[in-house]
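Here is what TrEMBL records for this protein:
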| type | residues | note |
| --- | --- | --- |
| TRANSMEM | A:23-41 | transmembrane segment |
| TRANSMEM | A:97-115 | transmembrane segment |
| TRANSMEM | A:127-146 | transmembrane segment |
| TRANSMEM | A:183-203 | transmembrane segment |
| TRANSMEM | A:210-229 | transmembrane segment |
| TRANSMEM | A:235-255 | transmembrane segment |
| TRANSMEM | A:267-285 | transmembrane segment |
Ligand code: SF4
Ligand code: SF4
C-alpha cells in the first residue's frame, strides 16, 4: 500500500470560515460609507489623514510585534487597520499630521500592547488615543472645519454651539443636514445616514448585535428627552442629541468593540445603558460639549467587573444544578 | 419541526453518500477484533491462539457490570491476542482472527426471526447482553444496562436517535431507509421492557426525508411518532435530542432516566432486534466511507475487526492530498495515527480529509466575540474554560459547569480565533479528575 503521512490533531476537523481578519475587515467595510462621505464633505485632507492613520497604526503594530517576538502577520490581521480608521474618523480634518501620528502611537503601543495586545486590551485603543489628543491638544482637537469649507474655515460643532450659546443657537440647523452629515464634527461622525448604513451591514452579517447600540442610543435619547420635555427652552431635543456628535459612531462601532465590551447579554445591556447615561450627563452638565468617548472609556474600565458579576451568577447556577 | 432551544451550529452537511445503498464488504483475510469496543472494562478473552472459532462464537466475555461480550465476526483461527492500535487513539488488547473463507455460523446463531412476544423481560435483556449490544451512536454504553434503569426511575419516554447530525455520516440514514422494519421491531422490544406506559419517538433530522417516510409507514401499525427535527448540530446529542422532543432539560449530573427518558441509536435498536429475534450477536455494522478527497464514497456493511487498510484497498487507493483519516464524524471523531486500527461497534464512519486549510496549529488570542457562548448548546462559557485552562487554573473550571460540557465541539467550530476550545476542555477534565483521584487515594 502507498505511504501516507497521517496528521493527528484534535476534533472538530471542520471549522467555520470566520476569522479575526474577516471580523475586522468587515468593520472596515462598514465604515466605508462614512469615510467616503467625509472626504466629500471635508476634502482631500480627510483622505490623507485617514490613510496616514491606518498606515501608522499598522506600522506601529508591525514594529511592536517584531520587538515582542510575535507573528508579523498580526499587523495585517485587520485590528490595527480598524483602529487606524476609527482614530482618523474621530479627529477633526484640520488636525496636524504629526499629532495624528502621536495618536496612532498611543493607540497601538500604549493602549493595546502595554496591556498585552489584541484580546487583552481593556480600553478601546482608538478612543484612548482620541482622549489623549483631546487633553493634550484641546484647541487643535476642537477646531471643526465646516463642510465644503475653503481654506480650513472652521466653526464650532453643533454640540459646541449648544454648550456655549444655548438652545436658541442650534434651532436653524436642519434635520436633513444633521442626518446627511453636513455639519461640523470629527471626520467620520457627522453623517448619521452613512453610519447607520454601515451598522446595518454589520448587523446583517451578524458581526454585531443590537444589544449595545440600542441600549446606548435609547438611554441617551430617553435621558435627554426627559429634560427636553421638562424645559425645551434650555435643553436640546433628543433627536438633536442622537444625530450630532459621536453618538452613532460610538454606539455602533466603538462601544461594540468585542474585546472591550461584556460578553453576555445582560452585561451588554448594562454596558450600553451606562454608556448612554454617562454620555447624556456629560453633554448636559459636563465641562465638555461631547461625552461619548469618555462614557465608553469609563464603561470599558467596568467591563471586568460587569463580566464577573455575570459569571458569579453562572457559577451559582452551575452549583445549584450540580446538586 | 422541533429543535433544542439553546445554541447549536449548522456546518456544511456534506452528506455525500446519502443516496448510496449499503454495500457489503467482502470478508478480509485477517481481522483485528479489539476487546474494548464499549464504555467500561475490556472484555476478558476466552479463546487461545491456535483455536478454531465459528462466526458468532464468544471470544471475549464481559468483565463486570459495565462491559460487553465480544464475538468472532467470521469463522477461522485465532492467531494471537495482543496489544494493537485502537481507533480511540490508544492501544488495546485485540484478538487476531485469520479467516478460513467459510464464514460459517455457530449453530443456533442468526436463525429465522422468532416471535419475541413470548419471551420474558429477563430473557430479552439476557439475549441483548449475550449478543454484546452496545450503544452504536458513539459512547458504546452496554445496552442491557441502559435498558434496565434503577427501579425507582419512572420511564415514560423512549426515543430512538436517528438524527445523525454529524456532517458526512450517512450510516444511520441508510439503515433507516433500508431496514425500517427491523428498527421499529427493535423499538417495540425496547418499549415492551417498561411496565409503565411509555410514549415512543424516532427523532430524524429534516434533511433525511426518505428515512422519515420509510419509518412513518410503520407508524400506523404501531403507536409511535416520527419526529422531524431541524437540521442543526448537535441535534443527535442525547441531551439536545431529549430537549428537542420532550422539552425536558437534563441538568448537570443527571442521566436521561432521571427525566423519564431512554434514548437509543437507531442502529442499536436494529441490533437489539437481531439479537432478540435472530439470536445474532453484534458482529457487523454500517460504516460511511467518505471525504471530499476520495472518489469511492460508500456506505459499507463491515464486520467488526476489519482494519482500515482493508477498507481502503476495497475503495481504491487514497489520493496523496489526504493527510488525515478520521474515525467517526468531523465534529467529534478521532484522527487516526495508523491504518491498522479497526472498525468497532461504535464506528459510524471513516473520513479521508485534507486539513491543510484548517490551520489549527495557530491558536490566536480570544477576541471576546462571544460566538462560542452563542453556539454552546449547554449554556456554558467556552472562552472562559480555555482562558482559565491556559493559565493553568484548572480547579476553577468545575464551578462553571465544566462537567456539563458534552464535548460537541460547536464552540471550537465557530471561534474566529481558531482556539482549540474542546481540546482544552477535555484536557482540563482529565486533570481535574486525576487530582480528585489523587486526593481520595
Ligand atoms: S464542546 Fe462543550 S463548551 Fe463547547 S459548545 Fe459543546 S458543550 Fe459547549
Ligand atoms: S469564539 Fe473564540 S474568540 Fe470568540 S469569545 Fe469564544 S474563544 Fe473567544
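Numbers run from 1 along the shown chain.
Backbone N, Cα and C atoms are what each Cβ position is placed from, and that goes for glycine too.
Nonlocal intrachain contacts for the transmembrane segment (A:127-146), taken as residues 6+ away from its ends with a CB within less than 8 angstroms of a stretch CB, comprise 42, 45, 86-87, 90-96, 99, 102-104, 106-107, 110-111, 152-157, 160, 184-186, 254, 293-294, 296-297, 300. Comparing A:23-41, A:97-115, A:183-203, A:235-255, A:267-285 for CB pairs under 8 angstroms to the transmembrane segment (A:210-229), the maximum falls on A:267-285. Non-local neighbours of the transmembrane segment (A:183-203) in the same chain are 26-27, 29-38, 41-42, 46, 49-50, 86, 88-93, 144-147, 154-158, 160, 173, 177, 209-210, 213, 242-246, 248-249, 252-253, 256; each lies 6+ residues outside the stretch with a CB under 8 Å from one of its CB atoms.
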